[in-house]
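According to Swiss-Prot:
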- Glu9: Mg(2+) binding site (BINDING)
- His15, Asp167, Gly168, Lys169, Ser235, Gly236, Arg237, Phe238, Asp246, Arg252, Met253, Ala269, Lys273, Lys277: ATP binding site (BINDING)
- Glu43: K(+) binding site (BINDING)
- Glu56, Gln99, Asp246, Lys277: L-methionine binding site (BINDING)
Amino acid sequence: MDTFLNTSESVNEGHPDKLCDQISDAVLDACLEQDPDSKVACETCSKTNMVMVFGEITTKANVDYEKIVRKTCRDIGFVSDDVGLDADNCKVLVQIEQQSPDIAQGVHGHLTKRPEDIGAGDQGHMFGYATDETPELMPLSHVLATKLGAKLTEVRKNGTCPWLRPDGKTQVTVEYYNDKGAMVPIRVHTVLISTQHDETVTNDEIAADLKEHVIKPIIPAKYLDEKTIFHLNPSGRFVIGGPHGDAGLTGRMIIIDTYGGWGAHGGGAFSGKDPTKVDRSGAYIVRQAAKSIVANGLARRCIVQVSYAIGVPDPLSVFVDSYGTGNIPDKEILKIVKETFDFRPGMIAINLDLKRGGNNRFLKTAAYGHFGRDDADFTWEVVKPLKWEKPQA
């Protein structure tokens, strides 16, 4: 059997870039909760003892940006300088202006346009991907890397591994078989975890705890064998982390946020953006389309692309590729997709309920992936029924 290796990585919520994603989305949540028509483009950067939020926000909401920054950092676990950032004593800088009136008139007519007439907030192309290799209809390498990161945070916060600190990264290499275009996982080839830790723990203790409390509960035993390679804190020391170790910036983890290197990516980040920004809403609707294609049995694996022009409601193009796994021709799948899904940004916002903030709705997306999550707030993960007739054998 001819197999190949493919690798996906993830970072957990204490990684400096992910910290920034979460702050940007916490700001978005706060704006949308009070004013669903908020126009938000919120960026965050962080370094030692400092967090800055900046961008363009037009909203009727009364938002305390500094309070949001400090709470988000505190909830992650950045409560002292020695873990990478002190949420209550760090400098918080705010540089927020209103959305450009040029963009406002072209996209939403200064809030006068009907939902179906709202134009895309910018040009761009977005991809949605789905594969039948996991129940989530997501790539196994990405699912495992993401879940390992989430587990690291869980055992840190519940005290199972008290030596853990907030920052950490994971990476999983899976051996696959290509079954006529569909991806079939055979085994896990390599597991890599690099996690921030305190001064008291030894490398042997780190390795033992990671295997017992993180890897064992997450990676199914059927994928592990005597040849599986484990790299557990291979650098030997990771005490300095968070924004103290590396500068952080919103939007630098776009592959981790999506499909772990599978499918494709148009380059636009998600966090801190309201649904008129098609980088986010466009990517969400094509994930729903791709997932629905696979869940309804039209294909075992597929990718869907959509593209936009600023100020124009209708997409410029929609594309479907089933990698040869389709039960009907791709052009017929495309026809079904176009008949079922409304790709206009204003309608995406309504159909996926993307103007609703609060309850950490978007903050939840900003760590451990935007796709493949079992959560009612992830409305784009709901499979839509697709009408098609299976060809006669």
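For all residues, glycine too, the Cβ spot is worked out from N, Cα and C.
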Query raised in the report: Which one, from the binding-site residues Gln99, Ser235, has the smallest tally of other C-beta atoms lying within 10 Å of its C-beta?
Result: Ser235
Query raised in the report: To the nearest whole angstrom, what is the C-alpha distance linking Met253 (ATP binding site) and Lys277 (L-methionine binding site)?
Result: 18
Report task. Name the one residue among Glu9, Glu43, Glu56, Gln99 whose Cα is closest in three-dimensional space to that of Arg237 (ATP binding site); these are the binding-site residues. Result -> Glu9
Query raised in the report: Out of these binding-site residues, His15, Lys273, Lys277, which one has the fewest other C-beta atoms within 10 Å of its own C-beta?
Result: Lys277
Report summary line: Check: min Cα-Cα distance from Lys277 (L-methionine binding site) over binding-site residues His15, Gly168, Asp246 goes to His15
**Report entry** Cβ neighbours within the same chain of the residue listed as 'K(+) binding site' - under 8 Å, at least six residues apart
**Finding:** Cys20, Ser24, Val53, Phe54, Gly55, Leu249, Thr250, Gly251, Gly272
Report summary line: For Ser235 (ATP binding site), the spatially nearest of the binding-site residues Glu9, Glu56, Gln99, using Cα atoms, is Glu9
Query raised in the report: Counting across all protein chains shown, how many other Cβ atoms sit within 10 Å of the Cβ of the residue listed as 'Mg(2+) binding site'?
Result: 20
Query raised in the report: Where does the residue listed as 'K(+) binding site' sit in the DSSP three-state scheme?
Result: strand
Report task. Taking Cα atoms as reference points, rank the binding-site residues Glu9, Glu56, Gln99 by distance from Gly168 (ATP binding site) and give the first. Result -> Glu9
Query raised in the report: Rounded to an integer, what is the Cα-Cα distance in Å between Asp246 (ATP binding site) and Gln99 (L-methionine binding site)?
Result: 30
